[in-house]
Amino acid sequence: MALPLPPGLTQNEVAFLAEMEMVTVVPRQRLDSIDLLGGKTPQLRPPHRAQLPLWLALLLKKQRRANIVPPAWMHPASLAEIIHRETKEDPEAFSAPPPPPSRALYSQPGTARRLNHHASYLDDFTQSQQDSQQQQQQQQQQQQQDPNSILSPPFLPSNVAESPAGYLPYHWLEVAEALLTHAGDDMPAPAGEVRSLLRDLVEVRAAKMRSSTSALEGFGDAWLTLRGVGAMELAENRAFLAGLVDGVRKIGASAEATRREEEEEARRGGEYGGDGDEDSDEDMGL
(Lines of atoms letter the chains of each structure in order from A and count residues from 1; the text may use other names and numbers.)
(Lines give C-alpha, C1' and ligand atoms only; values in the text may rest on other atoms or scores of the structure.)
Protein backbone atom coordinates (compact mmCIF):
# COMPACT_ATOMS: atom_id res chain seq x y z
CA MET A 1 0.00 0.00 0.00
CA ALA A 2 1.39 3.38 -0.94
CA LEU A 3 1.98 5.86 1.84
CA PRO A 4 0.13 9.18 1.69
CA LEU A 5 2.34 11.96 0.36
CA PRO A 6 2.21 15.52 1.65
CA PRO A 7 0.65 18.08 -0.69
CA GLY A 8 3.02 19.98 -2.92
CA LEU A 9 6.58 19.19 -3.96
CA THR A 10 9.10 17.85 -1.48
CA GLN A 11 12.56 19.34 -1.11
CA ASN A 12 14.17 16.49 -3.04
CA GLU A 13 11.72 16.93 -5.89
CA VAL A 14 12.42 20.67 -6.02
CA ALA A 15 16.17 20.00 -6.12
CA PHE A 16 15.60 17.52 -8.95
CA LEU A 17 13.61 20.06 -10.98
CA ALA A 18 16.31 22.68 -10.40
CA GLU A 19 18.75 20.51 -12.37
CA MET A 20 16.88 21.52 -15.53
CA GLU A 21 18.07 25.12 -15.12
CA MET A 22 20.38 26.30 -17.89
CA VAL A 23 23.94 27.26 -16.95
CA THR A 24 26.96 28.41 -18.92
CA VAL A 25 29.95 26.12 -19.39
CA VAL A 26 33.39 26.47 -20.94
CA PRO A 27 34.26 23.13 -22.58
CA ARG A 28 37.74 21.70 -22.22
CA GLN A 29 37.35 19.32 -25.16
CA ARG A 30 35.19 18.90 -28.23
CA LEU A 31 31.82 17.24 -27.84
CA ASP A 32 29.08 16.69 -30.39
CA SER A 33 25.48 17.62 -29.72
CA ILE A 34 23.30 15.20 -27.76
CA ASP A 35 19.63 14.47 -28.46
CA LEU A 36 17.60 15.17 -25.33
CA LEU A 37 13.87 15.35 -24.69
CA GLY A 38 14.04 19.13 -24.78
CA GLY A 39 16.02 19.17 -28.04
CA LYS A 40 19.63 18.95 -29.09
CA THR A 41 22.42 20.42 -27.02
CA PRO A 42 24.87 22.78 -28.74
CA GLN A 43 28.17 21.45 -29.99
CA LEU A 44 30.98 22.09 -27.53
CA ARG A 45 34.05 23.68 -29.07
CA PRO A 46 36.72 25.02 -26.71
CA PRO A 47 37.02 27.77 -25.67
CA HIS A 48 33.57 28.93 -26.79
CA ARG A 49 30.93 29.10 -24.12
CA ALA A 50 27.70 27.13 -24.33
CA GLN A 51 24.51 26.76 -22.31
CA LEU A 52 23.62 23.33 -20.95
CA PRO A 53 21.22 21.96 -18.35
CA LEU A 54 22.64 21.94 -14.87
CA TRP A 55 22.63 18.16 -14.58
CA LEU A 56 24.65 17.77 -17.78
CA ALA A 57 27.05 20.55 -16.79
CA LEU A 58 27.69 18.86 -13.44
CA LEU A 59 28.31 15.55 -15.20
CA LEU A 60 30.86 17.13 -17.54
CA LYS A 61 32.44 18.91 -14.58
CA LYS A 62 32.89 15.63 -12.70
CA GLN A 63 34.49 14.14 -15.81
CA ARG A 64 36.80 17.20 -16.10
CA ARG A 65 35.48 17.90 -19.56
CA ALA A 66 34.10 21.38 -18.86
CA ASN A 67 34.13 24.22 -16.36
CA ILE A 68 30.97 25.95 -15.15
CA VAL A 69 30.70 29.73 -15.28
CA PRO A 70 28.85 30.87 -12.13
CA PRO A 71 25.91 33.23 -12.66
CA ALA A 72 26.38 36.90 -11.89
CA TRP A 73 24.11 36.83 -8.84
CA MET A 74 26.53 34.42 -7.08
CA HIS A 75 29.33 36.97 -7.01
CA PRO A 76 30.07 38.24 -3.49
CA ALA A 77 29.30 41.83 -4.48
CA SER A 78 25.88 40.83 -5.83
CA LEU A 79 25.04 38.75 -2.74
CA ALA A 80 26.12 41.59 -0.46
CA GLU A 81 23.93 43.99 -2.43
CA ILE A 82 20.92 41.68 -2.09
CA ILE A 83 21.49 41.29 1.66
CA HIS A 84 21.77 45.07 2.06
CA ARG A 85 18.57 45.57 0.08
CA GLU A 86 16.61 43.04 2.13
CA THR A 87 17.89 44.25 5.51
CA LYS A 88 18.25 48.01 5.06
CA GLU A 89 16.34 49.31 2.05
CA ASP A 90 13.20 47.14 2.24
CA PRO A 91 13.29 44.88 5.32
CA GLU A 92 9.68 43.72 4.88
CA ALA A 93 9.71 42.57 1.24
CA PHE A 94 11.70 39.94 -0.61
CA SER A 95 14.06 40.72 -3.45
CA ALA A 96 12.35 41.16 -6.79
CA PRO A 97 12.72 38.30 -9.31
CA PRO A 98 14.93 38.78 -12.37
CA PRO A 99 13.39 41.01 -15.04
CA PRO A 100 12.50 39.48 -18.41
CA PRO A 101 15.21 39.96 -21.07
CA SER A 102 14.55 42.77 -23.50
CA ARG A 103 16.00 44.21 -26.68
CA ALA A 104 15.95 47.71 -28.16
CA LEU A 105 13.69 48.29 -31.16
CA TYR A 106 15.19 49.91 -34.27
CA SER A 107 11.77 51.02 -35.47
CA GLN A 108 10.95 52.79 -32.19
CA PRO A 109 14.05 54.48 -30.73
CA GLY A 110 14.07 54.67 -26.96
CA THR A 111 11.80 51.65 -26.53
CA ALA A 112 12.39 47.94 -26.02
CA ARG A 113 10.43 44.74 -26.04
CA ARG A 114 10.79 41.36 -24.38
CA LEU A 115 12.93 38.89 -26.22
CA ASN A 116 11.29 36.27 -28.40
CA HIS A 117 13.32 33.09 -28.60
CA HIS A 118 12.05 32.51 -32.17
CA ALA A 119 12.97 36.00 -33.38
CA SER A 120 16.47 36.88 -34.49
CA TYR A 121 18.35 40.12 -34.26
CA LEU A 122 17.74 40.84 -37.92
CA ASP A 123 13.98 40.58 -37.53
CA ASP A 124 13.80 43.88 -35.69
CA PHE A 125 15.97 45.55 -38.31
CA THR A 126 13.84 44.29 -41.20
CA GLN A 127 10.69 45.38 -39.42
CA SER A 128 12.11 48.87 -39.15
CA GLN A 129 12.22 49.03 -42.96
CA GLN A 130 8.52 48.35 -43.25
CA ASP A 131 5.67 50.71 -42.66
CA SER A 132 3.94 50.89 -39.29
CA GLN A 133 0.79 49.11 -40.47
CA GLN A 134 2.62 46.00 -41.64
CA GLN A 135 4.68 46.00 -38.47
CA GLN A 136 1.60 46.02 -36.26
CA GLN A 137 0.06 43.19 -38.26
CA GLN A 138 3.22 41.10 -37.94
CA GLN A 139 3.44 41.70 -34.21
CA GLN A 140 -0.17 40.67 -33.74
CA GLN A 141 0.34 37.49 -35.77
CA GLN A 142 3.53 36.74 -33.88
CA GLN A 143 1.82 37.03 -30.50
CA GLN A 144 -0.98 34.73 -31.69
CA GLN A 145 1.37 32.11 -33.12
CA ASP A 146 3.95 32.23 -30.32
CA PRO A 147 2.24 32.45 -26.90
CA ASN A 148 5.54 31.70 -25.16
CA SER A 149 7.24 34.88 -26.37
CA ILE A 150 6.64 36.61 -23.03
CA LEU A 151 8.46 34.82 -20.27
CA SER A 152 8.31 35.28 -16.53
CA PRO A 153 9.91 33.55 -13.52
CA PRO A 154 10.59 30.70 -13.11
CA PHE A 155 10.88 30.25 -16.90
CA LEU A 156 13.79 32.63 -17.41
CA PRO A 157 17.46 31.81 -18.09
CA SER A 158 18.42 33.36 -14.75
CA ASN A 159 21.48 31.20 -14.01
CA VAL A 160 23.50 31.72 -17.17
CA ALA A 161 26.54 33.95 -17.35
CA GLU A 162 24.52 36.71 -19.08
CA SER A 163 21.88 36.86 -16.35
CA PRO A 164 21.69 40.18 -14.49
CA ALA A 165 23.26 40.57 -11.06
CA GLY A 166 21.37 41.69 -8.00
CA TYR A 167 18.37 39.39 -8.56
CA LEU A 168 17.67 35.97 -7.09
CA PRO A 169 16.24 33.40 -9.54
CA TYR A 170 13.46 31.00 -8.62
CA HIS A 171 15.86 28.09 -7.95
CA TRP A 172 18.63 30.18 -6.43
CA LEU A 173 19.19 28.06 -3.33
CA GLU A 174 19.30 24.71 -5.14
CA VAL A 175 21.59 25.96 -7.92
CA ALA A 176 23.96 27.60 -5.44
CA GLU A 177 24.19 24.43 -3.35
CA ALA A 178 24.89 22.27 -6.41
CA LEU A 179 27.55 24.61 -7.80
CA LEU A 180 29.31 25.03 -4.46
CA THR A 181 29.32 21.28 -3.88
CA HIS A 182 30.54 20.11 -7.29
CA ALA A 183 32.14 23.22 -8.83
CA GLY A 184 33.59 25.12 -5.92
CA ASP A 185 36.83 25.77 -7.79
CA ASP A 186 34.90 27.64 -10.51
CA MET A 187 33.49 30.23 -8.11
CA PRO A 188 34.56 33.88 -8.60
CA ALA A 189 35.62 33.99 -4.92
CA PRO A 190 36.62 31.42 -2.30
CA ALA A 191 33.78 28.97 -1.72
CA GLY A 192 33.81 29.73 2.01
CA GLU A 193 33.08 33.41 1.40
CA VAL A 194 30.20 32.62 -0.96
CA ARG A 195 28.77 30.07 1.48
CA SER A 196 28.93 32.60 4.32
CA LEU A 197 27.01 35.19 2.31
CA LEU A 198 24.44 32.62 1.23
CA ARG A 199 24.00 31.51 4.84
CA ASP A 200 23.37 35.08 5.91
CA LEU A 201 20.88 35.53 3.09
CA VAL A 202 19.03 32.32 4.02
CA GLU A 203 18.76 33.41 7.64
CA VAL A 204 17.51 36.89 6.70
CA ARG A 205 14.85 35.54 4.36
CA ALA A 206 13.78 32.83 6.83
CA ALA A 207 13.29 35.42 9.57
CA LYS A 208 11.39 37.60 7.11
CA MET A 209 9.14 34.67 6.19
CA ARG A 210 8.30 34.01 9.84
CA SER A 211 7.68 37.67 10.64
CA SER A 212 5.53 38.21 7.55
CA THR A 213 2.97 35.72 8.86
CA SER A 214 1.92 38.28 11.47
CA ALA A 215 -0.12 39.94 8.71
CA LEU A 216 -2.46 36.97 8.83
CA GLU A 217 -3.55 37.84 12.36
CA GLY A 218 -6.20 40.17 10.97
CA PHE A 219 -9.33 38.53 9.61
CA GLY A 220 -11.17 39.34 6.42
CA ASP A 221 -8.71 41.45 4.43
CA ALA A 222 -5.43 39.80 5.53
CA TRP A 223 -3.07 38.69 2.76
CA LEU A 224 0.53 37.55 2.39
CA THR A 225 2.68 38.23 -0.67
CA LEU A 226 5.16 35.58 -1.81
CA ARG A 227 6.70 37.53 -4.71
CA GLY A 228 10.39 36.80 -4.89
CA VAL A 229 10.26 33.66 -2.73
CA GLY A 230 12.29 30.76 -4.13
CA ALA A 231 11.14 27.22 -4.86
CA MET A 232 13.08 25.62 -2.00
CA GLU A 233 11.85 28.25 0.43
CA LEU A 234 8.28 27.48 -0.56
CA ALA A 235 8.86 23.75 -0.14
CA GLU A 236 10.42 24.22 3.31
CA ASN A 237 7.68 26.54 4.60
CA ARG A 238 4.70 25.04 2.79
CA ALA A 239 3.54 22.93 5.76
CA PHE A 240 4.02 25.82 8.19
CA LEU A 241 2.18 28.34 6.03
CA ALA A 242 -0.60 25.91 5.16
CA GLY A 243 -1.11 25.04 8.83
CA LEU A 244 -1.05 28.70 9.80
CA VAL A 245 -3.60 29.68 7.16
CA ASP A 246 -5.84 26.76 8.14
CA GLY A 247 -5.59 27.70 11.83
CA VAL A 248 -6.41 31.33 11.10
CA ARG A 249 -9.36 30.21 8.98
CA LYS A 250 -10.70 28.03 11.80
CA ILE A 251 -10.25 30.79 14.38
CA GLY A 252 -11.99 33.25 12.09
CA ALA A 253 -14.88 30.83 11.52
CA SER A 254 -15.20 30.25 15.27
CA ALA A 255 -15.14 33.98 16.00
CA GLU A 256 -17.77 34.58 13.33
CA ALA A 257 -20.00 31.84 14.75
CA THR A 258 -19.62 33.30 18.26
CA ARG A 259 -20.49 36.77 16.99
CA ARG A 260 -23.60 35.49 15.28
CA GLU A 261 -24.72 33.64 18.42
CA GLU A 262 -24.25 36.80 20.48
CA GLU A 263 -26.25 38.83 18.00
CA GLU A 264 -29.00 36.21 18.01
CA GLU A 265 -29.13 36.17 21.81
CA ALA A 266 -29.19 39.96 21.92
CA ARG A 267 -32.02 40.05 19.40
CA ARG A 268 -34.02 37.48 21.33
CA GLY A 269 -33.32 39.29 24.58
CA GLY A 270 -34.60 42.50 23.06
CA GLU A 271 -37.78 40.83 21.93
CA TYR A 272 -38.40 39.26 25.34
CA GLY A 273 -37.60 42.54 27.08
CA GLY A 274 -40.10 44.43 24.96
CA ASP A 275 -42.93 41.97 25.75
CA GLY A 276 -42.12 42.13 29.45
CA ASP A 277 -42.44 45.94 29.50
CA GLU A 278 -45.83 45.81 27.83
CA ASP A 279 -47.10 43.26 30.36
CA SER A 280 -45.87 45.32 33.26
CA ASP A 281 -47.58 48.41 31.87
CA GLU A 282 -50.87 46.55 31.53
CA ASP A 283 -50.59 45.22 35.10
CA MET A 284 -50.11 48.76 36.42
CA GLY A 285 -53.21 50.00 34.54
CA LEU A 286 -51.32 52.47 32.41
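Yeah, the Cβs are placed from backbone N, Cα and C, and that goes for glycine too.
Per TrEMBL, these features apply:
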type     : residues : note
DOMAIN   : 11-69    : domain 'DNA replication complex GINS protein PSF2 N-terminal'
REGION   : 89-108   : region 'Disordered'
REGION   : 125-156  : region 'Disordered'
COMPBIAS : 127-146  : compositional bias 'Low complexity'
DOMAIN   : 140-251  : domain 'GINS subunit'
REGION   : 253-286  : region 'Disordered'
COMPBIAS : 257-270  : compositional bias 'Basic and acidic residues'
COMPBIAS : 274-286  : compositional bias 'Acidic residues'
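For the domain 'DNA replication complex GINS protein PSF2 N-terminal' (11-69), residue counts in helix, strand and coil come to 17 helix, 20 strand, 22 coil, using DSSP.
Per-class residue totals from DSSP over the compositional bias 'Basic and acidic residues' (257-270), listed helix then strand then coil: 14 helix, 0 strand, 0 coil.
Looking at the domain 'GINS subunit' (140-251) alone, the prediction's average pLDDT is 78.
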